[in-house]
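Following: one structure in structure tokens, then a few remarks.
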Amino acid sequence: MATKRDYYEILGLSKDSSVEDIKKTYRKLALQYHPDRNKEPGAEEKFKEISEAYAVLSDAEKRAQYDRFGHAGIDNQYSAEDIFRGADFGGFGDIFEMFFGGGRRGGPMGPRRGSDLQYDLYVTFEEAAFGVRKDIDIPRTERCSTCSGTGAKPGTSPKRCPNCGGTGQVRTTRSTLGMQFVSTTTCSACHGRGQVVESPCPTCSGAGRVRSRRKMSVNVPAGADSGMTLRLSGEGDAGEPGAPSGDLYIIVHVMEHKYFKRVDYDVISELPISFTQAALGADIMVDTLYGKVKMNIPSGTQTHSVFRLKDKGIQRLQGHGKGDQLVRVIIRTPTKLTQEQKDLLHQFEYLSNGKKPEAEERSRSDKQKSEKPRKSKGLFEKVKDAFES
């Protein structure tokens, strides 16, 4: 299947173009490619392409859906006929007849499908990772139980529209630049239904539908991420009699976690450690989605080193296995030191670089003369004791 071109590209417009710009451009292109005027090969297909782009972009609701979801947002929500329904083509022929054949001529549009709805669902990091069932309350329109959706008062029924004779369409003919164009527009009296209600239902005032609320449970699968869309078929607004209800689209939003971040199916976390733990090594308990686990920090670990905890990440959608947890080590530098800690660090610096401050050397020499020799711990043990006590 060929990939559809971008509607804005077809009309040569940008996404911030006004409705007037869209209408003006369409009229110009439609006049150029209308098959009654342009007999070149491909002109009719070009005209259809232009008309489809205009039908979507000239309608605020369809345009918003397209801007957000692209062609998928239009194809999933509207039938081919719904795309063109209600658009003002400015007299450039019978668009319905051109797209759908002569069978559309003279017939009512038929019952309209219900509108799709969207609901933003917020879940915690853990709920998205493990899956959760959430109860939601959706405002929507439902079929009126009093009139069964007809809009007519009980005991009565809708009548044929006198304005269009029940066709749902009004045809007009006009001449432009010496050419005669036939236009079919939706009947304004019956809005394309072919019927009118003379005695409206007292419950829905003739609309056939009423506002209501629907409580339901939504299953968010393990591994869901922000932006994921769940489609619940038939849970949108009610359609007209004989037409299906729209769908409900649940947009998942995952709230931020205090410690964890997510990249694909991996969990990212940071682990602050002391510089003695980094230098000497240590076994440290690390928080994961599945509880605390022991992780070994080898001696000589540098700050920003990353350690991988296998299978401690997010469950993969529609697949087996999990991601990993990536733990980035952050070495903390102490800001308040005791004299003992400073002395030990000076000694460490001397052993590392062979240079010791003269004042410290004299002080330590005098101290050693006044003390009796005794067995002492190694330098690293002293440093560890001093900084972890």
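The backbone N, Cα and C atoms fix where each Cβ goes, and this holds for glycine too.
According to Swiss-Prot, the features are:
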DOMAIN    6-70  domain 'J'
BINDING   Cys144, Cys147, Cys201, Cys204  Zn(2+) 1 binding site
REPEAT    144-151  repeat 'CXXCXGXG motif'
REGION    145-167  region 'Disordered'
BINDING   Cys161, Cys164, Cys187, Cys190  Zn(2+) 2 binding site
REPEAT    161-168  repeat 'CXXCXGXG motif'
REPEAT    187-194  repeat 'CXXCXGXG motif'
REPEAT    201-208  repeat 'CXXCXGXG motif'
REGION    351-389  region 'Disordered'
COMPBIAS  355-389  compositional bias 'Basic and acidic residues'
Integer average pLDDT (0 to 100) for the repeat 'CXXCXGXG motif' (144-151): 90
C-alpha spacing of Cys201 (Zn(2+) 1 binding site) relative to Cys164 (Zn(2+) 2 binding site), in angstrom: 23
Per-residue Cβ crowding (10 Å cut-off), top of binding-site residues Cys144, Cys147, Cys161: Cys147
Residues of the repeat 'CXXCXGXG motif' (187-194) by DSSP state, where helix covers H, G and I: 0 helix, 0 strand, 8 coil
Pairwise Cα distance for Cys144 (Zn(2+) 1 binding site)/Cys187 (Zn(2+) 2 binding site) [Å, integer]: 24
DSSP-derived helix, strand and coil totals, residue by residue, for the domain 'J' (6-70): 45 helix, 0 strand, 20 coil
Spatial separation of Cys190 (Zn(2+) 2 binding site) from Cys201 (Zn(2+) 1 binding site) - C-alpha basis, Å: 16
Cys144, Cys147, Cys201, Cys204 excluded, remaining Cβ within 8 Å of their centroid (Zn(2+) 1): Ser145, Thr146, Ser148, Gly149, Thr150, Gly151, Ala152, Pro200, Pro202, Thr203, Ser205, Gly206, Ala207, Gly208, Arg209, Val210
Where Cys201 (Zn(2+) 1 binding site) falls in three-state DSSP terms: coil
